[in-house]
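This report concerns only the one structure given below.
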Amino acid sequence: METRKIIHVDMDAFYASVEQRDFPEYKGKPLIVGGPPNSRSVVSAASYEARKFGVRSAMPCSKAAQLAPQAIFVFPRFEVYKEVSKQIREIFLEYTDLVEMLSLDEGYLDVTFNKKNIPYAVTIAKEIRTEIFKRTELTASAGVGNSKFISKLASEKNKPNGLTVVLPDDVISFIDPLPVSSFHGVGKVTARKMKELGIYTGKDLRTKSIDELVQHFGKMGIYYYKISRGEDERMVQSSRERKSLGAESTFDRDKLDYDDLLKQLKDVAVVVERRLEKKDFAGKTLTLKIKFYDFSLKTRSKTLSEPIFKADELYSTAIELFEEFFEIKYGKKSAIKAIRLLGISLSHPNSENEDPNLFLNL
């Protein structure tokens, strides 16, 4: 069987780089794409100059302003980013029809059998990066491997403007030293739990039996067992249509307080808005997910007359669904029982199957 050749291409600080390209006065300066510095908006993108101060995507703009008070804040121009993204996708399609765009600024290509009959994936990756720069004046990083998991990890290895190739025989040696927190599917809470179990790196994860991992992480334990060995059979899906998108947050401590939980719900709504904008997605059906301290799970949904994607609309709709889970205790509004996780997702009303990646960890 032919060894798969998968490329993951990820644009470097995409939104911020587009702004620095279009407005030369921003070049070389810490630039933050998002809302005003004194708002509850989150950072959509940060230039590498801003990242040196600790600014990261999804961070509240107010915190970013504290870390980098000299930074320039600009509002996102999503229509411009979408046009550039189309240019990038057109380049991908010159090599293969097996292109899976994950967002405006990144995608997978399966070039095992490609249109130009180029035998080496690394050659294609080099050509694509060169062509992207020629047509858009933007840089991209790329990773080459035999699976989605490996190629994505590889693309993150030498950013910005880097290329990393992981040969099949080198997969284990590549994974072993990496922190598990860098693995897709390992969020902050899971990474913390893994550390409590003595799992810090890919090698640590690989020493655990499948039974141990399932015991601690449920069915996700099987996934962790496989990726620690570089096993990922997911195909590049060129025709994938996203039906839903959301985010969830697991708390360090279970929560009862109404006001505290509303703040957490607002934070989730803000992150969902950012992801919806990045994926160019809107939907009519909002689903609220609540997991209690005893791991019991409740979901409630509401279908609206028009598609929504803004944080305030998500938040106000989620609150309506949230109210039934509260009661007045000793004159104070509290949850009916302690809550450990909140999630919000948005989907089309005709979605029959829930996207397995519907709720992504914050």
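Indices start at 1 and increase along the chain as displayed.
Each Cβ is built from the backbone N, Cα and C atoms, and glycine gets one as well.
As given in Swiss-Prot:
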ACT_SITE  Glu106  active site
BINDING   Asp10, Asp105  Mg(2+) binding site
DOMAIN    6-187  domain 'UmuC'
SITE      Tyr15  site 'Substrate discrimination'
Asp105 (Mg(2+) binding site) and Tyr15 (site 'Substrate discrimination'), Cα-Cα, nearest whole angstrom: 9
Protein Cβ atoms within 10 Å of Tyr15 (site 'Substrate discrimination'), excluding its own: 29
Glu106 (active site) versus Asp10 (Mg(2+) binding site) - Cα distance in angstrom: 4
Listed in sequence order, residues with CB under 8 A of Asp105 (Mg(2+) binding site) and six or more positions away: Asp10, Met11, Phe14, Tyr15, Tyr81, Ser85, Ile88, Lys278
Neighbour count (Cβ, 10 Å) for Asp10 (Mg(2+) binding site): 20
Nonlocal residues around the residue listed as 'active site', in sequence order (Cβ under 8 Å, 6 or more apart): His8, Val9, Asp10, Met11, Ser155
